[in-house]
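Encoded as C-alpha coordinates, the structure appears first; notes follow it.
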Amino acid sequence: MFNHQHTIFFTSTSLLICSISNFTLIYISLFHSKQIQGAYRRMVVMFSALGFLFSLSEFIARPFAHNYNRALILFSINDWISSKSFLEIAISVWMTFYLLIISFIGIQFLYRYICLFHSAKVRYFDGFGTVLWISYLLIPAAGFNIAFYQLLKPTDTSDDYLRKVIRENYDLEISAIARYTLALYSESNVIQWEILSLIIAAGIVLCFQYFIVIFFGVKLHFKIKEKLGTFSPCQVKIQSQIFRALVAQTVGPTLFLVLPSAPFFLTTLLSPYIDMEINWKTGWLYTLIGIYPIFDSIAFILIVSEYRNYVRSKLFCKTNKSPREFGNKISIHPIRCINTEIVSDT
(Lines of atoms letter the chains of each structure in order from A and count residues from 1; the text may use other names and numbers.)
(Lines give C-alpha, C1' and ligand atoms only; values in the text may rest on other atoms or scores of the structure.)
Protein backbone atom coordinates (compact mmCIF):
# COMPACT_ATOMS: atom_id res chain seq x y z
CA MET A 1 0.00 0.00 0.00
CA PHE A 2 3.01 2.35 -0.14
CA ASN A 3 1.97 3.88 -3.45
CA HIS A 4 -1.56 4.54 -2.27
CA GLN A 5 -1.19 5.84 1.27
CA HIS A 6 2.37 6.97 1.88
CA THR A 7 2.47 9.42 -1.01
CA ILE A 8 0.24 11.66 1.13
CA PHE A 9 3.21 12.34 3.42
CA PHE A 10 5.43 13.32 0.49
CA THR A 11 2.74 15.55 -1.00
CA SER A 12 2.27 17.40 2.30
CA THR A 13 6.02 17.78 2.81
CA SER A 14 6.46 19.07 -0.74
CA LEU A 15 3.78 21.71 -0.20
CA LEU A 16 5.49 22.91 3.00
CA ILE A 17 8.92 23.20 1.40
CA CYS A 18 7.42 24.71 -1.75
CA SER A 19 5.63 27.38 0.30
CA ILE A 20 8.84 28.39 2.05
CA SER A 21 11.02 28.47 -1.06
CA ASN A 22 8.54 30.16 -3.40
CA PHE A 23 7.39 32.81 -0.95
CA THR A 24 11.03 33.55 -0.15
CA LEU A 25 11.64 34.11 -3.86
CA ILE A 26 8.54 36.30 -4.16
CA TYR A 27 9.47 38.33 -1.08
CA ILE A 28 13.00 39.05 -2.32
CA SER A 29 11.70 39.94 -5.78
CA LEU A 30 9.12 42.41 -4.47
CA PHE A 31 10.99 44.08 -1.63
CA HIS A 32 14.74 43.58 -1.98
CA SER A 33 15.75 43.02 -5.59
CA LYS A 34 17.39 46.01 -7.28
CA GLN A 35 18.69 44.16 -10.35
CA ILE A 36 15.41 42.57 -11.52
CA GLN A 37 12.69 45.12 -12.14
CA GLY A 38 9.70 45.90 -14.34
CA ALA A 39 7.99 43.25 -16.44
CA TYR A 40 10.56 40.57 -15.69
CA ARG A 41 10.10 40.99 -11.94
CA ARG A 42 6.37 40.50 -12.45
CA MET A 43 7.14 37.35 -14.43
CA VAL A 44 9.39 36.00 -11.68
CA VAL A 45 6.71 36.66 -9.05
CA MET A 46 3.91 35.19 -11.16
CA PHE A 47 5.93 32.11 -12.09
CA SER A 48 6.75 31.47 -8.42
CA ALA A 49 3.09 31.93 -7.50
CA LEU A 50 2.16 29.49 -10.28
CA GLY A 51 4.53 26.90 -8.82
CA PHE A 52 2.94 27.32 -5.39
CA LEU A 53 -0.58 27.02 -6.81
CA PHE A 54 0.46 23.88 -8.68
CA SER A 55 1.72 22.33 -5.44
CA LEU A 56 -1.40 23.45 -3.58
CA SER A 57 -3.71 21.97 -6.22
CA GLU A 58 -1.81 18.68 -5.98
CA PHE A 59 -2.20 18.72 -2.19
CA ILE A 60 -5.97 19.26 -2.54
CA ALA A 61 -6.62 16.93 -5.46
CA ARG A 62 -4.30 14.18 -4.18
CA PRO A 63 -4.07 12.66 -7.69
CA PHE A 64 -3.22 9.02 -8.16
CA ALA A 65 -3.15 6.96 -11.34
CA HIS A 66 -3.46 3.41 -12.54
CA ASN A 67 -2.75 1.96 -15.99
CA TYR A 68 -4.87 -1.00 -16.96
CA ASN A 69 -4.46 -2.19 -20.54
CA ARG A 70 -6.24 0.34 -22.80
CA ALA A 71 -7.28 2.69 -19.98
CA LEU A 72 -5.59 5.10 -17.62
CA ILE A 73 -7.61 6.23 -14.64
CA LEU A 74 -6.66 9.40 -12.77
CA PHE A 75 -8.43 9.59 -9.42
CA SER A 76 -8.29 11.40 -6.10
CA ILE A 77 -7.24 9.74 -2.87
CA ASN A 78 -8.26 12.79 -0.83
CA ASP A 79 -10.12 11.57 2.26
CA TRP A 80 -10.84 14.90 3.96
CA ILE A 81 -12.97 16.58 1.28
CA SER A 82 -16.32 14.88 0.78
CA SER A 83 -17.43 16.68 -2.38
CA LYS A 84 -16.65 14.51 -5.37
CA SER A 85 -17.52 17.32 -7.79
CA PHE A 86 -15.04 19.67 -6.10
CA LEU A 87 -12.27 17.08 -6.32
CA GLU A 88 -13.02 16.47 -9.99
CA ILE A 89 -12.54 20.20 -10.63
CA ALA A 90 -9.36 20.14 -8.53
CA ILE A 91 -7.90 17.31 -10.64
CA SER A 92 -8.69 19.11 -13.92
CA VAL A 93 -7.17 22.36 -12.62
CA TRP A 94 -4.07 20.47 -11.49
CA MET A 95 -3.69 18.96 -14.96
CA THR A 96 -4.08 22.39 -16.57
CA PHE A 97 -1.01 23.66 -14.74
CA TYR A 98 1.10 21.47 -17.03
CA LEU A 99 0.27 23.68 -20.01
CA LEU A 100 0.45 26.92 -18.04
CA ILE A 101 3.92 26.26 -16.68
CA ILE A 102 5.51 25.27 -19.99
CA SER A 103 3.80 28.18 -21.77
CA PHE A 104 5.07 30.63 -19.13
CA ILE A 105 8.65 29.46 -19.66
CA GLY A 106 8.28 30.10 -23.39
CA ILE A 107 7.09 33.66 -22.69
CA GLN A 108 10.13 34.30 -20.49
CA PHE A 109 12.59 33.11 -23.13
CA LEU A 110 10.91 35.36 -25.71
CA TYR A 111 11.05 38.29 -23.31
CA ARG A 112 14.75 37.82 -22.53
CA TYR A 113 15.55 37.67 -26.25
CA ILE A 114 13.63 40.88 -26.93
CA CYS A 115 15.33 42.60 -23.98
CA LEU A 116 18.77 41.85 -25.36
CA PHE A 117 18.29 42.27 -29.09
CA HIS A 118 15.13 44.35 -29.61
CA SER A 119 14.97 46.44 -26.43
CA ALA A 120 12.66 49.07 -27.96
CA LYS A 121 9.92 46.41 -28.16
CA VAL A 122 10.04 45.65 -24.44
CA ARG A 123 7.22 48.15 -23.97
CA TYR A 124 4.86 45.60 -25.50
CA PHE A 125 5.12 43.57 -22.28
CA ASP A 126 3.81 46.47 -20.16
CA GLY A 127 0.37 48.04 -19.87
CA PHE A 128 -2.09 46.45 -22.28
CA GLY A 129 0.72 44.17 -23.45
CA THR A 130 0.61 42.49 -20.04
CA VAL A 131 -3.04 41.61 -20.66
CA LEU A 132 -2.13 40.13 -24.05
CA TRP A 133 0.66 37.82 -22.88
CA ILE A 134 -1.35 36.70 -19.85
CA SER A 135 -4.27 35.97 -22.20
CA TYR A 136 -1.88 33.99 -24.38
CA LEU A 137 -1.24 31.80 -21.33
CA LEU A 138 -4.76 31.53 -19.99
CA ILE A 139 -6.96 31.06 -23.07
CA PRO A 140 -5.42 27.74 -24.28
CA ALA A 141 -5.20 26.53 -20.68
CA ALA A 142 -8.88 27.32 -20.06
CA GLY A 143 -9.85 25.54 -23.28
CA PHE A 144 -7.86 22.47 -22.26
CA ASN A 145 -9.41 22.50 -18.78
CA ILE A 146 -12.95 22.55 -20.14
CA ALA A 147 -12.21 19.84 -22.73
CA PHE A 148 -10.46 17.66 -20.14
CA TYR A 149 -13.40 18.01 -17.74
CA GLN A 150 -15.98 17.17 -20.38
CA LEU A 151 -14.28 14.50 -22.49
CA LEU A 152 -12.59 12.39 -19.82
CA LYS A 153 -15.53 12.09 -17.47
CA PRO A 154 -16.11 8.43 -16.58
CA THR A 155 -18.90 6.44 -18.22
CA ASP A 156 -20.71 3.28 -17.13
CA THR A 157 -18.60 1.37 -19.64
CA SER A 158 -15.27 2.68 -18.32
CA ASP A 159 -16.35 2.15 -14.71
CA ASP A 160 -17.33 -1.45 -15.39
CA TYR A 161 -13.98 -2.00 -17.11
CA LEU A 162 -11.97 -0.66 -14.16
CA ARG A 163 -14.15 -1.47 -11.14
CA LYS A 164 -12.50 -4.77 -10.24
CA VAL A 165 -8.99 -3.40 -10.74
CA ILE A 166 -9.60 -0.44 -8.43
CA ARG A 167 -11.20 -2.62 -5.78
CA GLU A 168 -8.40 -5.20 -5.83
CA ASN A 169 -5.54 -2.69 -5.80
CA TYR A 170 -6.91 0.09 -3.61
CA ASP A 171 -9.94 -1.36 -1.81
CA LEU A 172 -12.07 1.47 -3.23
CA GLU A 173 -15.44 1.52 -4.97
CA ILE A 174 -14.89 3.29 -8.25
CA SER A 175 -18.23 5.10 -8.23
CA ALA A 176 -17.36 6.71 -4.88
CA ILE A 177 -14.17 8.46 -5.98
CA ALA A 178 -13.49 11.56 -8.08
CA ARG A 179 -11.95 10.29 -11.29
CA TYR A 180 -11.20 10.75 -14.98
CA THR A 181 -10.60 7.98 -17.48
CA LEU A 182 -8.36 8.21 -20.51
CA ALA A 183 -9.53 5.44 -22.80
CA LEU A 184 -8.58 6.19 -26.39
CA TYR A 185 -10.05 2.89 -27.63
CA SER A 186 -13.46 1.33 -27.15
CA GLU A 187 -13.95 -2.32 -26.18
CA SER A 188 -13.61 -3.28 -29.85
CA ASN A 189 -10.41 -1.17 -30.18
CA VAL A 190 -12.13 1.58 -32.16
CA ILE A 191 -10.48 4.99 -31.69
CA GLN A 192 -12.48 7.57 -29.70
CA TRP A 193 -11.87 10.59 -31.92
CA GLU A 194 -12.93 13.25 -29.41
CA ILE A 195 -10.40 12.02 -26.89
CA LEU A 196 -7.74 11.72 -29.58
CA SER A 197 -8.38 15.34 -30.61
CA LEU A 198 -7.84 16.46 -26.99
CA ILE A 199 -4.53 14.60 -26.82
CA ILE A 200 -3.38 16.01 -30.15
CA ALA A 201 -4.36 19.58 -29.20
CA ALA A 202 -2.52 19.36 -25.87
CA GLY A 203 0.51 17.84 -27.62
CA ILE A 204 0.58 20.62 -30.22
CA VAL A 205 0.47 23.32 -27.52
CA LEU A 206 3.28 21.67 -25.55
CA CYS A 207 5.43 21.12 -28.64
CA PHE A 208 4.90 24.73 -29.75
CA GLN A 209 6.01 26.02 -26.34
CA TYR A 210 9.10 23.81 -26.39
CA PHE A 211 9.83 25.08 -29.91
CA ILE A 212 9.79 28.64 -28.55
CA VAL A 213 12.04 27.67 -25.65
CA ILE A 214 14.55 25.84 -27.86
CA PHE A 215 14.49 28.42 -30.68
CA PHE A 216 15.07 31.48 -28.51
CA GLY A 217 17.24 29.56 -26.04
CA VAL A 218 19.65 28.52 -28.80
CA LYS A 219 19.70 32.05 -30.25
CA LEU A 220 20.44 33.47 -26.81
CA HIS A 221 23.17 30.90 -26.20
CA PHE A 222 25.05 31.69 -29.40
CA LYS A 223 24.49 35.44 -29.49
CA ILE A 224 24.60 36.43 -25.84
CA LYS A 225 28.40 36.52 -25.60
CA GLU A 226 28.64 38.87 -28.57
CA LYS A 227 25.94 41.13 -27.14
CA LEU A 228 27.35 41.15 -23.62
CA GLY A 229 30.69 42.33 -24.97
CA THR A 230 29.20 45.85 -25.01
CA PHE A 231 28.03 45.67 -21.38
CA SER A 232 29.71 46.42 -18.08
CA PRO A 233 30.97 43.47 -15.98
CA CYS A 234 27.97 43.92 -13.70
CA GLN A 235 25.49 43.70 -16.56
CA VAL A 236 27.27 40.67 -18.00
CA LYS A 237 27.02 38.92 -14.65
CA ILE A 238 23.31 39.45 -14.08
CA GLN A 239 22.36 38.64 -17.69
CA SER A 240 24.35 35.40 -17.60
CA GLN A 241 22.74 34.43 -14.32
CA ILE A 242 19.23 35.13 -15.61
CA PHE A 243 19.89 33.01 -18.69
CA ARG A 244 21.14 30.10 -16.56
CA ALA A 245 18.10 30.47 -14.30
CA LEU A 246 15.79 30.24 -17.33
CA VAL A 247 17.55 27.09 -18.49
CA ALA A 248 17.10 25.60 -15.01
CA GLN A 249 13.41 26.56 -15.07
CA THR A 250 13.09 24.63 -18.33
CA VAL A 251 14.91 21.58 -17.00
CA GLY A 252 12.69 21.48 -13.88
CA PRO A 253 9.27 20.90 -15.49
CA THR A 254 10.80 18.73 -18.22
CA LEU A 255 12.37 16.36 -15.68
CA PHE A 256 9.59 16.41 -13.08
CA LEU A 257 6.41 17.03 -15.11
CA VAL A 258 6.72 15.89 -18.71
CA LEU A 259 9.17 12.98 -18.73
CA PRO A 260 7.73 11.03 -15.76
CA SER A 261 4.17 11.02 -17.09
CA ALA A 262 4.75 10.71 -20.84
CA PRO A 263 5.61 6.95 -20.91
CA PHE A 264 2.41 6.00 -19.10
CA PHE A 265 0.25 8.06 -21.44
CA LEU A 266 2.03 6.53 -24.42
CA THR A 267 1.52 3.03 -23.01
CA THR A 268 -2.22 3.63 -22.92
CA LEU A 269 -2.23 4.94 -26.49
CA LEU A 270 -0.24 1.97 -27.78
CA SER A 271 -1.91 -0.70 -25.67
CA PRO A 272 -3.75 -2.45 -28.57
CA TYR A 273 -0.39 -2.99 -30.23
CA ILE A 274 1.47 -4.22 -27.13
CA ASP A 275 1.27 -7.93 -26.54
CA MET A 276 1.36 -7.82 -22.75
CA GLU A 277 -0.92 -7.39 -19.75
CA ILE A 278 -0.73 -3.88 -18.27
CA ASN A 279 -1.80 -3.47 -14.66
CA TRP A 280 0.45 -0.83 -13.10
CA LYS A 281 0.13 1.44 -10.10
CA THR A 282 1.53 4.60 -11.63
CA GLY A 283 0.43 7.09 -9.00
CA TRP A 284 3.88 7.10 -7.41
CA LEU A 285 5.13 9.39 -10.21
CA TYR A 286 3.10 12.27 -8.76
CA THR A 287 5.39 12.20 -5.74
CA LEU A 288 8.21 13.02 -8.15
CA ILE A 289 6.12 15.68 -9.89
CA GLY A 290 5.63 17.45 -6.55
CA ILE A 291 9.37 18.21 -6.43
CA TYR A 292 9.17 20.50 -9.45
CA PRO A 293 8.11 23.80 -7.75
CA ILE A 294 10.81 23.33 -5.10
CA PHE A 295 13.49 22.67 -7.69
CA ASP A 296 12.64 25.77 -9.73
CA SER A 297 12.54 28.28 -6.89
CA ILE A 298 15.67 27.00 -5.16
CA ALA A 299 17.55 26.87 -8.47
CA PHE A 300 16.67 30.51 -9.17
CA ILE A 301 17.78 31.62 -5.70
CA LEU A 302 21.08 29.73 -5.98
CA ILE A 303 21.89 30.93 -9.50
CA VAL A 304 21.06 34.65 -9.17
CA SER A 305 23.66 36.09 -6.79
CA GLU A 306 21.48 38.93 -5.51
CA TYR A 307 18.95 36.38 -4.21
CA ARG A 308 21.61 33.95 -3.03
CA ASN A 309 23.45 36.63 -1.06
CA TYR A 310 20.26 37.92 0.54
CA VAL A 311 19.33 34.43 1.78
CA ARG A 312 22.91 33.87 2.95
CA SER A 313 22.88 37.14 4.87
CA LYS A 314 19.68 36.16 6.68
CA LEU A 315 20.80 32.62 7.43
CA PHE A 316 24.05 33.85 8.95
CA CYS A 317 22.51 36.97 10.51
CA LYS A 318 24.77 39.33 8.59
CA THR A 319 22.17 42.05 8.46
CA ASN A 320 24.68 44.75 9.35
CA LYS A 321 27.08 43.98 6.51
CA SER A 322 27.35 45.97 3.35
CA PRO A 323 26.72 44.22 0.02
CA ARG A 324 30.39 44.27 -0.96
CA GLU A 325 31.26 42.05 2.01
CA PHE A 326 29.35 39.07 0.66
CA GLY A 327 31.71 37.09 -1.54
CA ASN A 328 30.18 37.25 -4.99
CA LYS A 329 27.90 40.22 -4.38
CA ILE A 330 28.33 43.05 -6.87
CA SER A 331 30.32 45.72 -5.10
CA ILE A 332 29.14 48.75 -7.02
CA HIS A 333 25.78 50.44 -6.65
CA PRO A 334 23.13 48.05 -7.99
CA ILE A 335 21.11 50.77 -9.69
CA ARG A 336 24.10 51.68 -11.83
CA CYS A 337 24.45 48.06 -12.89
CA ILE A 338 21.06 48.07 -14.54
CA ASN A 339 20.74 48.81 -18.21
CA THR A 340 17.12 49.89 -18.18
CA GLU A 341 16.48 48.39 -21.60
CA ILE A 342 18.01 45.04 -20.66
CA VAL A 343 17.19 44.24 -17.05
CA SER A 344 14.58 46.53 -15.65
CA ASP A 345 12.86 47.57 -18.90
CA THR A 346 11.53 50.64 -17.12
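Cβ atoms are placed via backbone N, Cα and C, with glycine included.
The transmembrane segment annotation in TrEMBL covers 6-31, 43-65, 85-111, 131-152, 195-222, 242-264, 284-304.
For the transmembrane segment (85-111), the list of distant contacts is 39-40, 43, 46-47, 50-51, 53-54, 57-58, 60-61, 63, 74-76, 78, 122, 125, 133, 136-138, 140-142, 144-145, 148-149, 153, 178-180, 202, 205-206, 208-210, 212-213, 216-217, 220, 246, 249-250, 253, 257-258, 292: same-chain residues at least six beyond its ends, Cβ to Cβ under 8 Å. Below 8 angstroms of C-beta separation, residues 98-99, 102-103, 105-106, 109-110, 112-113, 116, 140, 144, 147-148, 151-152, 182-184, 243, 246-247, 250, 258, 265, 269 of the same chain, each at least six residues beyond the ends of the transmembrane segment (195-222), sit close to that stretch. Away from its own ends, the transmembrane segment (43-65) comes close to residues 3-4, 7-8, 11-12, 14-15, 18-19, 22-23, 25-26, 29-30, 36, 72-78, 81, 87, 90-91, 93-94, 97, 100-101, 104-105, 107-108, 111, 170, 249, 264, 282-283, 285-286, 289-290, 292-293, 296-297, 300 of its chain (Cβ-Cβ under 8 Å, at least six residues beyond either end). Across 131-152, 242-264, 284-304, the stretch most heavily in contact with the transmembrane segment (6-31), judged by Cβ pairs under 8 Å, is 284-304.
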